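Database features, via TrEMBL:
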type     : residues  : note
TRANSMEM : A:12-33   : transmembrane segment
TRANSMEM : A:53-74   : transmembrane segment
TRANSMEM : A:86-105  : transmembrane segment
TRANSMEM : A:125-143 : transmembrane segment
TRANSMEM : A:164-186 : transmembrane segment
TRANSMEM : A:192-219 : transmembrane segment
TRANSMEM : A:239-260 : transmembrane segment
TRANSMEM : A:283-301 : transmembrane segment
TRANSMEM : A:313-335 : transmembrane segment
TRANSMEM : A:355-373 : transmembrane segment
């Protein structure tokens with residue numbers, strides 16, 4: 001089926017070229033990082049994880065959210081999602097790939113990356129995260145590829161696929177839970193040391209991922225003959241609505257615990273993010289934008305009249321995605337390091353090469369997504385014709 | 001099975017995967033940690049610990065810092081972002097955050113508090129390391145293997161004392177005088193104080209303890225009831241940093 005990705009319109013090839021250019025620039029910057037070390041990033045002894053790990057964390061959520069189309073279709077036999085499960089799974093494939101690339105970009109010693117396999121360490125959450133992410137990637141590739149191949153041939157998917165599909169459902173939950181455990185089990189990092197971090201992650205993931213999927217469905221419908229279906233898009237919209245409201249609720253819970261108990265450690269991180277701490281307020285404008293976008297999205301999504309309008313739905317989903325990207329893909333990871341263990345405040349600004357590497361990895365993800373979606377959509381067009 | 005290029009490639013793929021599993025099996029089968037072997041004069045203990053007597057510590061004195069950093073080839077980049085430090089000064093409010101109050105004695109506010117790795121009994125950095133590049137020895141010292149570290153910096157996020165440093169860049173050009181007795185590090189690995197295991201192995205006290213003219217640093221075996229460190233702990237009120245986190249730090253402070 002790969003050959004389907006090799007034929008396309010001029011627009012398709014221009015998009016691919018653009019992505020390849022971004023990947024090339026990112027890779028060039030990565031080579032620079034490889035020779036000079038991570039000193040070329042904005043990270044330092046106080047903010048020791050930056051944009052890379054933050055993107056990784058956010059994208060694990062996008063990957064996990066594929067379960068939001070897989071579960072209703074396979075467990076509840078909700079037919080409207082049948083057409084888009086493969087889109088959800090391919091989105092997961094590209095998102096997990098980006099996750100893995102971000103982790104690799106963040107490693108100080110890339111040539112030793114196989115030590116992770118050579119010295120398996122079950123007490124380390126990083127070790128488990130590496131395992132669950134790789135297996136999740138494999139599961140989604142195998143499942144999506146085989147269902148699509150069966151669809152193309154007009155036969156039902158092979159029977160051995162069913163257990164894998166069922167396995168992929170709890171597995172999706174596991175990848176984001178384990179990723180949350182990377183943070184939620186660290187003593188002394190108060191912003192992260194919260195038992196609801198894993199469910200908060202899942203909540204925001206199930207809003208951000210399906211929001212992106214709605215946008216992708218709308219794009220697919222516009223540029224191809226394949227229609228994901230009004231009902232499927234509307235129901236994705238409902239999932240985004242509930243998940244967004246739940247994730248806003250979770251953040252409100254954090255605020256209550258911190259500000260009612262008045263325990264300084266609990267307050268500091270949130271204060272730094274939303275109001276500024278002792279005059280340090282670099283992330284405040286970002287968090288304000290995220291808050292405003294979340295409120296606008298929530299209003300537009302809750303109101304059935306606006307949600308049913310696909311243009312407004314698309315806008316609300318974009319607002320949701322950007323808002324949650326700021327919350328998790330910037331704020332949460334960085335603010336966990338503020339103040340530092342010695343209660344000093346150091347702020348972080350990513351450098352140009354760091355931004356370009358980040359952009360390059362996003363472009364790699366979108367390249368994979370484009371190619372996989374091109375194949376899926378071509379097969380679906382072929383079957384329909 | 002049908003003989004086709006497709007099947008051939010499939011089987012080759014599976015075979016390659018099988019080869020990849022071999023080293024994992026090897027690793028699971030044997031798992032020994034590298035060790036610094038004790039010499040004939042080696043100092044040994046079941047539990048090493050340190051007392052920092054801040055009453056004896058003198059303002060602006062850097063003897064212990066310089067001794068440690070010279071002994072261990074700690075580079076000086078001249079910028080706080082990339083900074084590597086094994087032992088350094090903090091003021092009371094930073095060494096013991098949350099303990100300070102507005103009406104503190106001026107003397108306490110001004111005093112330098114030496115901070116270093118606490119060699120926790122329950123070290124979070126060891127728990128999170130995905131490759132066992134850092135581990136707790138049987139004598140309680142939390143060790144680092146610079147050749148194992150992959151540079152993921154989980155340990156830096158996990159340490160609640162900010163005691164871990166990372167080689168954000170190649171440290172070698174920034175070492176003033178290289179001590180050939182101790183390895184230099186490469187870029188991309190974490191490091192920290194090791195209670196001078198390499199010196200203990202030849203019967204020497206940690207470099208910082210040896211360098212302190214005022215006797216402010218006391219190092220010894222906690223498991224020996226008659227050791228000087230136990231005597232100090234018995235006769236003084238001591239504090240540990242962030243004991244509420246359950247890490248059981250083994251550096252004690254007399255304030």
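Any Cβ shown, glycine's included, is placed from N, Cα and C.
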(request) Answer with yes or no whether the transmembrane segment (A:239-260) touches the transmembrane segment (A:12-33) by the criterion of at least three Cβ pairs under 8 A, sequence separation 6 or more. (result) no
(message) Six or more residues beyond either end and a Cβ under 8 Å away: which residues meet both conditions relative to the transmembrane segment (A:192-219)?
(response) 57-58, 60-66, 68-69, 84, 87-88, 91, 95, 173, 176-177, 179-181, 183-186, 228, 232-233, 236-237, 239-240, 243-244, 246-247, 249-251, 253-254, 257, 310, 313-314, 317-318, 320-321, 324-325, 327-328, 332, 336, 369, 373
(request) Return yes if the transmembrane segment (A:53-74) and the transmembrane segment (A:283-301) have at least 3 CB pairs under 8 Å (sequence gap of 6 or more), otherwise no. (result) no
(request) Return yes if the transmembrane segment (A:313-335) and the transmembrane segment (A:86-105) have at least 3 CB pairs under 8 Å (sequence gap of 6 or more), otherwise no. (result) no
(message) Cβ pairs under 8 Å only, please: of the recorded stretches A:86-105, A:164-186, A:283-301, which one is richest in them relative to the transmembrane segment (A:355-373)?
(response) A:86-105
(message) Below 8 angstroms Cβ to Cβ, which residues of this chain, lying six or more residues outside the transmembrane segment (A:164-186), approach it?
(response) 56-57, 60-61, 63-67, 70-71, 74-75, 92, 96, 125-126, 128-129, 132-133, 135-136, 139-140, 142-143, 192-195, 197-198, 200-202, 205, 332-333, 336
